[in-house]
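Student: The following block contains the structure, expressed as structure tokens.
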Amino acid sequence: CIHTSAVQPFSPFWFTVEPQDTLAIRGNSAFLNCSAHSDAATPAHIEWKKDGTFMSLVSDERRKILPDGTLFFSHVVHSKHNKPDEGTYQCVATIENLGSISSRTARLSVAGMPRFANQPLPATARLGDSQVMACEVNSDLVAFIRWEKDRQPLELSTRLIQLPSGALVISNASETDAGTYRCLVENVGSSKLSDEAELQTVPGNLREHQRKLEFLVQPVSVTKTTDASVLLPCVATGYPAPRISWMFGDKLLEERYVLGGGSLQISNLTEADAGLYTCVADNSNTTIEAQAQLTVQVSPQFVKRPANIYAHESMDIIFECDVSGSPAPTVKWVKNGDAVIPSDYFKIIEDHNLQILGLVKSDEGFYQCLAENDAGNIQSSAQLIILDPAGPTSSAPRDVVASLVSTRFIKLTWRQPAEPHGDELTYSIFYSQEGTSRERVVNTSRPGEMQVTIQNLMPDTKYRFRVVAHNSNGQGESSAALKVATQAEVQVPGPAPNLQGVSNTPTSVSLSWDKPLTGNGEILSYKLYYTDKSVGKEQDIDVDGQSYSMAGLKKNTEYSFRVVANNRHGPGVSTEDVVVRTLSDVPSAPPQNLTIEVHNSKSIMLRWQPPPLSGQNGKITGYKIRYRKGSRRSESETTEGTQLYKLMDGLEHGTEYSFRVSAMTVNGTGPATEWMTAETFESDLDESRVPDQPSSLHVRPLVNSIVVSWTPPENQDIMVRGYAIGYGIGSPHAQTIKVDYKQRYFTIENLDPSSHYVITLKAFNNVGEGIPVYESAVTRAQSDPDVDLYDLLHAPYTPVPDPLPMMPPVGVQASVLSHDTIKVTWADNSLPKSQKVTDNRYYTVRWKTNIPANTKVKMVNTTNLSYTVPDLKPNTLYEFSVMVTKGRRVSTWSMTAQGTTFETTPSSAPKDVTVVSKENKPRTIIVNWQPPSEANGKITGYIIYYSTDVNAVVHDWVIEPVVGNRLTHQIQELTLDTTYYFKIQARNSKGMGPMSEPVQFRTPKICTLTLIFSCRGIKDGENHILVIVIIISVGAFTIIVVVVGAFLCTRRTTSHQKKKRAASKSSNGSHKYKGNSKDLKPPDLWIHHERLELKPMDKSPDPNPVMTETPIPRTSQDITPADSGLESNPHLQQRRNSYRGHESEDSMSTLAGRRGMRPKMMMPFDAQPPQPVISAHPIHSLDNHHHYYHMGSLSSATRSYLYHQGSGYPRPHTCTPISHLDRVDSTESVRNTPSSEPAPPATASSQASCPSEILADPEGSYHGSTTTEEEPSYSSNLPPLRSAHPHAHAHPLKSFAVPAIPASSHPSYESPALPSTPLLAQTGPPTHPHVVKTASIGTLGRTRTPMVVTVPNAPDVPETSKMLEDVDSSYEPDELTEEMAHLEGLMKDLNAITTAP
């Protein structure tokens, strides 16, 4: 355990600028830049090395080091015999008492004197042809060449290009190109001019001037680095004018990479661009080819840089360094500017890592990993600090003894130190071989363990051992050295010397060896181990003698052999491996995929693939092609082993030829392919004039595309090299697309729906474009329902081409094999039933993805009826089609088949990871990210890792899982003023992808003003207790106020009880109040029937719906006015639809206790669909402040408050019974009626009238008013509800919610949807099928929210009877009238109660 609380921190020390390769001009000045950054008090001292040796610049007037570290040459010296400045330079930065670091190396080259190896010569160019003007100088000066025409600077273009050699290519020559040309080298001291040469132009395209096709310039093999550009030159001349194309391997490259004259330009090179390039020049008479190899090198890149390390003396450490590049970089290590030489204590392990064993104090310093290959070099440094022990450490362990000694291991035991100065000690055992000073170390595996076994020792060797204890302060005293010698290893034999192996035949190897020098007794047998290095599995065989001939091996295959001798004690020491390759042999399999393509009347192109690897039996040195005319004797030609094609020219026209190909090794020729036949054309096509008009043009419009199909011109003796398709809205000249001459249909995409397009088609060749044919089409409307189905079931219509077209392949299927491979199979109806290809036909498979940004189509030829497409992207939909070609006859493309590759694990990490602090919550952060660019499937989740130590191992990071459709996540309860590191990992159904780079974020030091109270509560225990005391005090005070208020209200209510009883017993139903308050206006608590509006209601089919809760307005401005309905307020509509289900706690306002709460009133309505539901519109003309609803007799099951705008104080209100009935949808909002003075206080009856079975909601209520949406909570087959004692504790106003009905003996029922809410008393006949719906006022906290009803004033009793006549068919009008009479009298009583002095 390393404690770093008070140790020396690591020192920032790195290069801000490093020297770069430079080309200097002789006699001019030159710079090599170098600058280092550090936090040390003294700046870094810069020195320079040249060719690995420090430069002495004290008395050098020509070279000096500038203050920023740059090496400055005032004038560069360079001659044939004196080159003091040219070489490899490296700067070294040193800080006193800290260490040194070395920069990357840089090459300083000096441009020599310009010397022309080749100069321009007079030349003649035919109009339309190409010509090359030579200019060749020293290779390092090519960049300084420019051309002049008629002694004026020549401006280069796509037609006039300068080759890498400096030569000038003039393509498609015109009369303006005539003149005198010269090249010059400038900016290298004095300029140097070449000789002038005149270029003349003469008319071309004359038959009497037919010329042989030949190359003027051929491509040469070249090596480049990634991101560079390359120009592969290729210029040909001849008549007819040649057409130049390029092939990469066996794929045809797009023309957009080819410059004027035929040279190939590739920019931003990648490793994938490396390979064999072929320039093919074809003028219909002859085809010639030239090849060049492009090698792309990748400069070294760090995969893992070395990290700073703290360590104690005698420990073992490893500096890790992982690099990539092509060719593979070599790695060396440097300590403080000096190379680290591998030894017993400095070891290079795992290719690139540096291991230091038994650290000593002098090992401190800066260590650098330097990686280099032909493309460049890089460096990265790390610091090693050796820690000193701090505080009291342990004394030495006691009684160290060797309890077990063997030949190669020793077991040590000891006792605990006398003065441990701590618990749970750990121990380090240091040991060294006698005669060496450096020690190795082994640590005990767990605290308190006092024994260890030292492995991998040498037999018969003396070792020194000592044990050291570690406590929390560090390493303690060492025990006395214990010297122990391992036992001698004398029982088993030593290695057999002089093991040799030689291959006698392609399938056998003869081996021999000598008897071991240390046999330790009679050798009983030998065991021979052998391994096929292509497989890797080791096998063995017992041998009695000292030689063996092993047969039955693979041809041309490497095998490794080793021998172990056995005596009576067992197997001895193994020999070193000996590697032998069996001899090569003739190939045992023919070449694969032979295809034949007729070029013209005199030439046929052959292409093939090598034999399978198992059948090559050696390096393929060439291919032999045998061909014959008819049944005559065959002739042969050969190619190189890397050439997989051959153009057979000089053939007779209109003649059938047969071909077969066999592979060759140094041992001979292998089996040949089957004979394949092809017939040359009867005559060559004419290209002295443009093609005729295509014989037909058909169009089929879709919504966003038009499928165009055509047939070739009737006169097929004229060469057609392709077709030009023009199209546009109203005009065919808006856009033009060119397609290959073999193509017979094309889909024009990205068109506008319902638009009129004009389409033109022209055939073209090298002479020009032919006569166009026109057609028009109107794309389909976007809403056309038949389009997609039609596209899915019908292949594009393609007219039958003349003459005798091939039938397209049928039954194309795509079978997905893996995440990057799909096998395409098809059938050919023009073949016999055996489906065996016996002629020269071949199939072209093409495929593309459905990704809009990647519309590139790939194609490959094959002679089989299936093809396995490799190197596809995972989880990507591909579309495949097949075409068959036989000589000059081709088919249209087949119907398409689709296949989606399987998913695989993500190959890239989530990107754009950002971390921000949440507003007003300093201990909460929000992590945002974007999905990985290479997800390789649907992302099913993310894992967020965070830690305060960026170097901690993965399992020590805290993990937060996130679902796959989320791109943000909150992490809470972080520590203030702490740096956290965050990494994110994506996963799909196949597994986890790589982690993102760590993102650093530091939480704030202090809390914001709004959160300072809560933050103090976390840090200060006393303040936390104070908060609890304040809350309890406020709660106790509130309870006392409520009790006193209830007591006063009860006394007031007693004086009016008799009057209320008399009023309720009135028989005529007209209740007249007889008190002294007759002048007081009663509150408007009746429902105004003229203001009611019937609205239809959709009854939910769900028998047990989830309750819907209404969100709380956060401020008083959130309370919605009554005159803004839901339809005109999309915000409320959104809120209503988004708050279904149980309300989360964080949606409750923190000011809920300070907001007012409207009570609710309930009205019964018939619940049977499709009866309309009555919703009440609020009255806008109220002008009395008494219109607030504070009836003492209307109870609520929740703790409610009336929010008064004129007063900032909440007023406790009374309980209202809640009906567990079907819920209704309300589309109205409630006006929060303003008032200029506070409402009167609640009377005693407000508390006393709550029935005992109605409980208060413990979670508090909502406040304000919002539109709510309610759903049924009862199934229709439940019986009606009732109370066991309908009149017990009941106020006469209870019939306002449910009309009073004669009591019956039915039991009560309780709703499962609201277990904490009491039931509403109700009676009725036992078989009554109806359930009453209620419209209610107010909003409940965690219960349903009934509809709002505004009560303006009291109408006559008959109006009320009409409104309630549909409640139940068993209710009599007299009973309803009596109940209304009770209600009217009660209104007057309430008025007197609330206004009494």
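Positions of Cβ are set from backbone N, Cα and C atoms, glycine also.
Below, the features straight out of TrEMBL:
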| type | residues | note |
| --- | --- | --- |
| COMPBIAS | 1076-1101 | compositional bias 'Basic and acidic residues' |
| COMPBIAS | 1242-1252 | compositional bias 'Low complexity' |
| DOMAIN | 12-109 | domain 'Ig-like' |
| DOMAIN | 114-200 | domain 'Ig-like' |
| DOMAIN | 203-295 | domain 'Ig-like' |
| DOMAIN | 300-385 | domain 'Ig-like' |
| DOMAIN | 396-489 | domain 'Fibronectin type-III' |
| DOMAIN | 495-585 | domain 'Fibronectin type-III' |
| DOMAIN | 590-683 | domain 'Fibronectin type-III' |
| DOMAIN | 690-784 | domain 'Fibronectin type-III' |
| DOMAIN | 808-907 | domain 'Fibronectin type-III' |
| DOMAIN | 909-1006 | domain 'Fibronectin type-III' |
| REGION | 1055-1149 | region 'Disordered' |
| REGION | 1224-1289 | region 'Disordered' |
| REGION | 1303-1331 | region 'Disordered' |
| TRANSMEM | 1025-1050 | transmembrane segment |
Student: Taking contact to mean three or more C-beta pairs under 8 angstroms, with sequence separation of 6 or more, is the domain 'Fibronectin type-III' (808-907) in contact with the domain 'Fibronectin type-III' (590-683)?
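Tutor: Judged by the Cβ rule, the two regions touch, with the required three close pairs present.
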Student: I'd like the per-state residue tally for the domain 'Fibronectin type-III' (909-1006) from DSSP, helix first, then strand, then coil.
Tutor: 3 helix, 54 strand, 41 coil
Student: Do at least three C-beta pairs under 8 angstroms join the domain 'Ig-like' (12-109) to the domain 'Fibronectin type-III' (590-683), pairs 6 or more apart in sequence?
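Tutor: Contact absent: fewer than 3 Cβ pairs fall under 8 Å.
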Student: Across the domain 'Fibronectin type-III' (690-784), what are the DSSP residue counts per state (helix, strand, coil)?
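Tutor: Taking each residue of the domain 'Fibronectin type-III' (690-784) in turn, the totals are 0 helix, 51 strand, 44 coil.
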Student: Which listed stretch (396-489, 590-683, 690-784, 909-1006) has the most C-beta pairs under 8 A with the domain 'Ig-like' (203-295)?
Tutor: 590-683
Student: Over the domain 'Fibronectin type-III' (396-489), what does the predicted model average in pLDDT?
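Tutor: Computed over the domain 'Fibronectin type-III' (396-489), the mean pLDDT is 87 on the 0 to 100 scale.
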Student: As a quick check of your reading of DSSP, tell me how many residues in the domain 'Ig-like' (203-295) are helical, how many are strand and how many are coil.
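Tutor: The composition, in the requested order, is 12 helix, 43 strand, 38 coil.
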Student: Which numbers of helix, strand and coil residues does DSSP report for the domain 'Fibronectin type-III' (396-489)?
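Tutor: For the domain 'Fibronectin type-III' (396-489), the helix, strand and coil counts are 0 helix, 49 strand, 45 coil.
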Student: For the domain 'Ig-like' (12-109), DSSP counts of helix, strand and coil?
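Tutor: Going through the domain 'Ig-like' (12-109) residue by residue, I get 0 helix, 47 strand, 51 coil.
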Student: Going by DSSP assignments with H, G and I as helix and E and B as strand, what are the residue counts for the domain 'Fibronectin type-III' (590-683)?
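Tutor: Secondary-structure composition of the domain 'Fibronectin type-III' (590-683): 3 helix, 50 strand, 41 coil.
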